[in-house]
Each structure stands twice: as C-alpha cells, then as structure tokens.
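Undergrad: Pulled these features from Swiss-Prot for this protein:
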type	residues	note
ACT_SITE	278	active site, proton acceptor
BINDING	108, 128, 156, 254, 309, 310, 311, 312, 313, 332, 333	FMN binding site
DOMAIN	1-383	domain 'FMN hydroxy acid dehydrogenase'
C-alpha cells in the first residue's frame with residue numbers, strides 16, 4: 001500500500017514507535033548507562049562534511065562490492081541482532097528483504113528463527129556467535145552453521161553486560177505464557193495492528209533462541225541463554241585463533257575499536273573486522289565507531305577487510321564510512337525499525353533509502369564508483385579521529 005512507504009529511516013523509527021507496544025519499542029532503542037555512546041554514534045556523522053565536485057558526475061554509479069567472498073549490490077549488510085520478534089516473520093522476513101536487494105545478512109545466535117529457515121530465504125548468511133558455554137558447545141553450534149550452509153562466521157566479543165540504563169532496561173519476558181500476555185495486554189491493546197499481525201498466525205512472539213540448541217530442538221528461552229552467556233568467561237586470543245581454525249572459512253571479528261586489538265585480530269587469522277561499539281550497548285563513553293575507523297583502517301586495512309557498524313541512518317553515512325576506510329557497513333536499528341513498520345517490505349524500504357542516499361552522494365562527489373572514494377572527499381574536523389591503542 002502506498003501509505004506504508006516511508007521516505008527516511010527517521011520516519012521508519014516514528015512508525016515503529018507508533019505501532020509497537022512500549023516495552024517492545026524500548027528494546028530497539030535501548031543503550032547502556034547514560035547513552036553517551038549511542039548518541040555519539042549518530043551525531044559523529046553530522047560532524048563530517050563533503051567536498052563535492054560540480055562537474056564530471058557519471059551517468060551511473062557502481063555500488064557493488066564483496067565482503068568475505070560474497071558479492072553484494074551495495075556496501076551495506078544486515079547486522080546480526082537478537083530476537084527479531086517485533087514481527088511474526090522476524091529474521092526470515094529480513095533475510096528475504098536482503099536477498100531481494102542483493103545483500104548479505106548476519107544472523108544472530110540469539111535469533112528467533114532457525115538458521116536453516118533463514119538460509120532457505122537467503123543463502124548469503126554469516127552466522128554470528130558469542131563466546132557462550134565453552135569450546136564443546138561452541139563447536140556444536142559452528143558445525144550446525146556449517147551443515148546449514150552459512151557462508152561465514154561473525155564472532156562478537158564487545159560485551160560487558162553494562163547495567164544502570166538511565167531510561168530503564170528493556171522488559172523482555174522470560175516466556176510468552178498466559179501470565180505474560182495478561183501483563184502486556186494494556187500495552188498491546190492500544191497497538192491493534194501489531195496485535196493483529198501476531199493474532200493471524202495464532203502464535204505469540206517467540207522468545208526462544210533455537211540456534212543455541214541442536215537442530216530440531218526448540219532451544220532455550222532467551223534469558224536462559226543470556227544467563228549462560230553472562231556466566232561464561234570471556235574468550236582469550238588463543239580461543240579466537242582456535243575458533244577461526246575450527247571454522248576454516250571467512251571469519252569476522254566484530255567489536256574492534258583499538259588499533260592494537262585490530263593487529264592482534266590479524267595475527268589470529270581473521271578475514272575481516274568490524275569497528276563497532278555494539279550500537280552503544282556496551283561500555284558507555286566509548287567513542288563513536290566512525291571516530292575510531294580511520295586509525296584502524298590505516299593500521300590493518302591492507303591485511304583484512306575492515307567494516308563499520310553503529311549510527312548509520314542514511315546513505316551519505318555509508319559513503320562517509322567507505323571514504324574513511326570501511327569496505328562496507330552493517331546496519332542494525334535502521335532495518336529493525338523498517339521491520340516493525342512494514343515487515344519485509346519495510347526492510348526493503350530501508351535498504352532502498354540507503355541505496356538512494358549512496359547514489360546521490362556519489363553523484364555529488366563526482367564519482368562513478370564507491371571504490372573511487374577517498375578521505376579527501378570528506379571534511380574532517382581537526383579533533384574528530386580517535387586513535388585507540390597503538
């Protein structure tokens with residue numbers, strides 16, 4: 001329907017806020033502690049300007065690239081996010097949207113849909129895991145991903161279980177039983193469209209994480225898996241090297257902000273790193289990802305693929321990141337708002353917005369390809385870049 005279309009990611013967010021129960025929407029905007037980092041992720045892009053060319057724009061712009069061996073139509077991938085139960089089709093709808101727009105998807109190990117179902121919707125799936133449960137349990141999940149056909153592995157390490165969110169932590173129930181439904185009903189009843197979408201399926205939102213269990217099993221409840229994760233000692237660099245060797249294929253380390261950590265990741269044999277602060281959901285006060293990107297890209301960009309996630313809201317943000325050294329970006333909240341606003345079509349809408357913005361920025365800069373972008377296309381304030389580590 002025409003009135004389902006939205007022009008910007010900001011409008012998608014507004015619609016998500018209107019259509020989701022309050023506690024569900026809060027899970028899409030939550031960030032750690034004061035929210036300094038999540039705010040800086042977005043604001044930092046506004047500090048960067050462009051140095052446009054007025055003559056010489058090509059008739060068509062090439063946005064295609066590759067990430068970990070996968071051809072994608074533009075330098076934008078779907079970032080792994082947990083429990084996408086804001087829509088009945090969840091990760092399957094997102095996978096279909098990514099496939100329709102020619103890009104790859106990171107699938108969270110805390111997803112609400114099985115890896116087998118998601119890969120059936122889009123073969124370009126990078127399976128994401130946390131260091132959870134020790135080597136034997138992790139090896140089982142890696143083998144399941146391999147058997148399902150995942151084309152790469154993403155390991156997320158930047159998590160400190162921050163507490164004390166100033167606006168309150170998301171209220172995710174342990175299970176969706178009658179008691180929970182009754183407790184949430186005052187919120188849900190004033191969001192009839194959201195309620196109707198799930199009502200048609202005769203299934204409440206799924207709060208289990210099937211990819212944490214064996215294939216064919218329902219998997220643990222979200223909070224059971226979360227509790228096990230909190231109780232698992234964090235990995236060492238030897239663990240990362242072991243996991244990379246166990247997988248034996250394209251391997252991304254997500255959550256790198258420091259130059260010295262980037263160098264250690266290269267030594268561990270990774271294929272790619274993502275400069276990321278977990279969308280501001282990690283250690284509050286960490287700089288925006290885009291501030292850390294130039295130093296990391298300069299240090300290791302000729303040895304591994306460097307990506308970025310955090311704060312991407314428009315295509316011009318993507319262009320700024322690529323010009324400063326990113327091969328591509330991963331988006332998270334932006335597509336979740338699209339999913340909440342209009343399901344698969346809403347995610348496609350978000351990807352179209354980003355693609356249109358990339359094309360417009362390339363045209364204004366006088367470039368025919370994203371591969372022509374350089375740092376001198378960007379106006380960078382003197383105190384913008386943060387070099388963390390050596």
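Keep in mind that glycine also has a Cβ here, set from the backbone N, Cα and C atoms.
These figures come from a predicted structure and were not determined experimentally.
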Undergrad: Tell me the coarse DSSP state (helix, strand, coil) of residue 333 (FMN binding site).
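TA: DSSP call for residue 333 (FMN binding site): helix.
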Undergrad: Can you count the other CB atoms that lie within 10 A of the CB of residue 311 (FMN binding site)?
TA: 28
Undergrad: Quick one: pull the CA-CA distance for residue 156 (FMN binding site) versus residue 278 (active site, proton acceptor), whole Å only.
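TA: Rounded to a whole number, the Cα-Cα distance is 9 Å.
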Undergrad: Would you report the average pLDDT that the model assigns to the domain 'FMN hydroxy acid dehydrogenase' (1-383)?
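TA: Average per-residue pLDDT within the domain 'FMN hydroxy acid dehydrogenase' (1-383): 89.
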Undergrad: Tell me the Cα distance separating residue 278 (active site, proton acceptor) from residue 309 (FMN binding site), rounded to the nearest angstrom.
TA: 8
Undergrad: Rounded to a whole number, what is the top Cα to Cα distance in Å among the residues the record ties to FMN, namely 108, 128, 156, 254, 309, 310, 311, 312, 313, 332, 333?
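TA: So the binding residues stretch over 23 Å, Cα to Cα.
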Undergrad: In Å, rounded, how far does the Cα of the residue listed as 'active site, proton acceptor' sit from the Cα of residue 313 (FMN binding site)?
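TA: Spelling it out, the Cα of the residue listed as 'active site, proton acceptor' and the Cα of residue 313 (FMN binding site) are 16 Å apart.
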Undergrad: Taking the Cβ of residue 333 (FMN binding site) as the centre, count every other Cβ atom within 10 Å, in any protein chain shown.
TA: 26
